[in-house]
Amino acid sequence: MRPAFALCLLWQALWPGPGGGEHPTADRAGCSASGACYSLHHATMKRQAAEEACILRGGALSTVRAGAELRAVLALLRAGPGPGGGSKDLLFWVALERRRSHCTLENEPLRGFSWLSSDPGGLESDTLQWVEEPQRSCTARRCAVLQATGGVEPAGWKEMRCHLRANGYLCKYQFEVLCPAPRPGAASNLSYRAPFQLHSAALDFSPPGTEVSALCRGQLPISVTCIADEIGARWDKLSGDVLCPCPGRYLRAGKCAELPNCLDDLGGFACECATGFELGKDGRSCVTSGEGQPTLGGTGVPTRRPPATATSPVPQRTWPIRVDEKLGETPLVPEQDNSVTSIPEIPRWGSQSTMSTLQMSLQAESKATITPSGSVISKFNSTTSSATPQAFDSSSAVVFIFVSTAVVVLVILTMTVLGLVKLCFHESPSSQPRKESMGPPGLESDPEPAALGSSSAHCTNNGVKVGDCDLRDRAEGALLAESPLGSSDA
């Protein structure tokens, strides 16, 4: 176990992991409008470990060619000293080396060294000078570092063996689009968190994935993120380009300012107007912008009321009471076409109405109005009148006629059924034997009642009215009752 543990300690000492021994508080980053970003890291490590650290961050070991690239790297170095406080010179790994098959060339600016990437850059003659001339060789592989005097001012290139340790390294990242830095306005405590695992207090340009957090007035936190879409890059959840709106009217260098601080040394106006304001005629004051401002009288917007449905009640509408209206008169309601329509008085639920019927004359001119949905609405100008009789609409008339017809048909059917019942009763043969059995045995039957009975039957058979035959039968029965049975006078 002890040999293995000692071997692990030796391996960590000779081959530290990527990012080991770094100082995040001293690291810095910057981006240019071309889409290139650079980061400076303070960490003691070898050349290969520096390359791996840049790859893990999403970039590569940086080149420092002439032109904009050189200026961006110099700006990072001059932004502040490293962890040592600027007491000594610092060495930073870059992507500059000389391969085994290449020789040292004293007459060339890079002395036979070359950049690992083939990206086009500036002229090699515009590069930095060499602090020390490299050794002449055509067989050994050599690396180069960027030496910074006091950790701030770049001195130039220096040859260094690749297995030795430097004080830091430079990484480069390339993006297609970048977000311009948002103006802070009234924001404070700004913090940029770049996608290559680096925090910064300010970035002129931010790659997609950068998150900016700050505090607005009242210690309200705000956070926005740079995102890329089909159009380009923009800040998500940010309306405009100011993080926190200013309470005043002036902005200077993207921050809120007062009017006395807007004048430069020469007396010129050095501020810009905040959102909602525009520069006045004097060229120094910001006045309220007229765009989007309401008028003094206000704008009357008609309110749409939803149509009444089976599940929603009819919206109530209250009309203002006019002084010139008399009690009992019908109020007048203005329509959309500036015409006046009278509304009849409707008694409320549970109240006693003095009007037995509502008499209205339908002397109206129907006006067809086509709504946007395609339906036709008819309008009637109706007036109330007490002299004209009440009129029924078509539906009420149809119902009345139908009910009357049904009653008449029912009466006719009832009369017919009663007549048939009576007719069947008189034609029944059971009445003849009952009359013959009324006389005592041994007596002869009276011919006159028989004649009367025959005449009654004859009356029925001859089609005489049932009512007349009935009266005649009753008269004959009365005569039979007055005469005694078995009398000779009968």
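Every residue, even glycine, has its Cβ placed from backbone N, Cα and C.
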Swiss-Prot annotation, disulfide partner of Cys162 among Cys143, Cys171, Cys179: Cys143
Long-range Cβ neighbours of the domain 'EGF-like' (245-287) (under 8 Å; 6 or more residues past either end): 181, 183-186, 217
Per-residue pLDDT averaged over the topological domain 'Extracellular' (22-397), given as an integer: 72
C-alpha spacing of Cys143 (disulfide bond) relative to Asn189 (N-linked glycosylation site), in angstrom: 41
Other CB atoms within 10 A, centred on Cys162 (disulfide bond): 13
Cys143 (disulfide bond) - helix vs strand vs coil (DSSP): strand
Cys143 (disulfide bond), number of other Cβ atoms within 10 Å: 23
Helix, strand and coil counts within the domain 'C-type lectin' (33-173) (DSSP): 24 helix, 48 strand, 69 coil
